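Have a look at the structure below before the remarks.
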């Protein structure tokens, strides 16, 4: 019985992926290559691609032909061997084959067999018995089933997107369904009026029956319209019964359909529930929270992009939108573009009943989005915490909950540390936004490069060849995908595989996801490493590939030894090198000099031990005490004792001579919190960079507890003062705690006064940061990224109209060479005072402030339309950018402009707009805002927006390592050696000029020469302004290998 059930219902069958469990948990199955069953391939063939379209077209044609032949046969003597009968027989054979293929290939066979579609399909195929039975023995009812096939035309109509929820689509549904119902009822009345009549009446009827088909069709029309001429009436009891049912159906069904159109024209209720039968394994998402229309546009366009999921037709992705409001008219129009795959349900994620209505417990992921333009970001984050905990309470840890927060402090909150909240993933895009802006000051176009690597919302259909637009679209089309290595790659060096994949597939293998020893836990863990030179590929490694589409990834993964005959690197594998020999082997002189110099140094890592947080902080303080004694704040008492004590930190721990120590996890997060607060800044990730120096400190034998635990003459109150010092002790790489900023306002304001300049006159080019409206609360992350060790550290000048408060300046004043200039960047004189003419970069920051209403009629009627508006900050930044252009020149290329709304990017110089006729129609209708990626200000990396950072959440659904990849591309990645992580950050993404000898040569030669001669991995080019008629420079990610390198080009490399 179980075997029979498995045969009939193959719901769980999918592609077989040869990967470990951690890999399957990290990457979505739609991104991973695997062997696909024949059933899945058949389902994909008849549903998608050219075969699927031709199959639907053939089904439409044969269904129409079958209905016409049936009507024709009602006027003629039906015999087995006339041409209409033979044609019907072959049509029956086609529908029988179609039904067999669908039953064989459906992933949920029980659901299909007993669905309305399945019943129609099997009734359409039943007349195939005409092939084996004579006409005399046939029941004439089978002929009526041939007429039922006319319903099959709906398949093609639905395929081309005629059906939907717009007014026009609903009118088309009404016309189609009414015409089809009339046609079917006419055929039924014609049948029962002849075959249901007595033999005496049948003998008196003509050849075409007691009532011909046209008369039956006429009667149904007259009856449904309630005219009722009475010239034609059914004579049999069955005929009258059909007429009665027709009238009842017309009175019930037609008003409902018309009512649906009326509701759509105004508004309609969304208080129902989602049908769980529509859910298929891991292809079900829920989007909830405080999202905007544009955010929802981008999410849906990304999820339903064919380059992401080639098997969308095989395993449809369904999205439920849960929001506490009724959808606007524009939102209804957007939902209609996804042919019923996206549904809106009104409700709140706080309510358990609403979560049940959207089947939240069966979702593979739930996106909880935040309101990015919230006036009080702290309040919005508080709401996000409550919503996330409510969802987690309902779903437990079986569902991924991806939460967006607005403040980095919320992301570091202790509420996420609880073991029962391990299903929650918290992402703060704004922190990455500021860090990418900072890094873009040194790596031009980095913001555009990274954003495009994880975004693919729109497709171009026609572009001029050999133009900058065609090159940039090729760049935009490249995205990051996980790669399951074919067996032919196992045992080969990473560099060899990189070269082979690039030369044969024009894709870049830029990172590996490997199993290493985690320094924090001293146990295996999966980590991502950029450009891990010298790594020997093993079966459990996963590559991260930069390529145009998922098909390229599957081509690489499907590569085997049979296909590899003649490839230059395969014979090397057949030499059967040992692991040591492979480590020493190179495809050329690829040498990692930094790693070679450190080859003899042991990798040191320390697990989190049971030493209390208090003891570590005390040790750290007094190791710095002699040199930093003058840095201290006010006293802050603390209780302690021999048996245990509770610290006044973010997360306390009990300790003492015989006290119980906290767990490794609690200790790790306690130390991280102390770092964020500015306490004990030399701790990092639960490790200690310096050892305790108790041996160098003389301890007292006094009865005083303080003198017994600490150096002579220093009390616990003194230690507390040092903890609250500003600037924090140690390297200034952590944000001071709010309590520190509040207590040390006098010191901070003195520092501000000392660093305030009237006119900027520095010995080195500086970075000018312009702020016109509110002071950006997260500016700390911008300045911190500009002050990273082993990076250039140009002076920073902040131009702002008002004097910053101690809380605002205290977060950035801890860094060296940061100056303040009071003035408005709206005025050219103040820009001159800020040193705009000598600035290396001019960063114009924005913020969410006052909305400028652009709708003329105010903000009423929000339920029916999206009110056009702009941020006052965006308008001011457009003016500031124009002022800078006037002073330094439009072609200077020194600006980075932060816009809150993406449509404001179109108003920056240089102005150029891609015409919508170049875009695929369906993509443009789904997300017209995506054209902002093709504006010159964004193409050159001049204009940025936090609204573009949604890719961090969207891409995390398919690839949990998205944040790690972006983090390393911004700040550098660890090295990999001997199965462990290196203790220094070495893999850096840089932009360097192309060597003169590479100009005019193919990009493929440049790629290979960098890999062989420099050990560097090229990711793409930064084209100079004027290349192929470009009005500005632009990012060209992963160019085709035959593309020629031009004069003035720069190349992105990982070294």
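Glycine is no exception: its Cβ is also placed from the backbone N, Cα and C atoms.
Bear in mind that TrEMBL entries carry predicted annotations, made automatically and left uncurated.
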Transmembrane segment per TrEMBL - which of 17-38, 237-258: 237-258
Contact check, the transmembrane segment (110-132) vs the transmembrane segment (83-101), 3+ Cβ pairs under 8 Å, seq sep 6+: yes
Composition by DSSP (helix, strand, coil) of residues within the domain 'RCK N-terminal' (765-886): 37 helix, 26 strand, 59 coil
Composition by DSSP (helix, strand, coil) of residues within the domain 'RCK N-terminal' (283-402): 47 helix, 25 strand, 48 coil
Per-state residue totals over the domain 'Calcium-activated potassium channel BK alpha subunit' (425-512) - DSSP helix, strand, coil: 44 helix, 16 strand, 28 coil
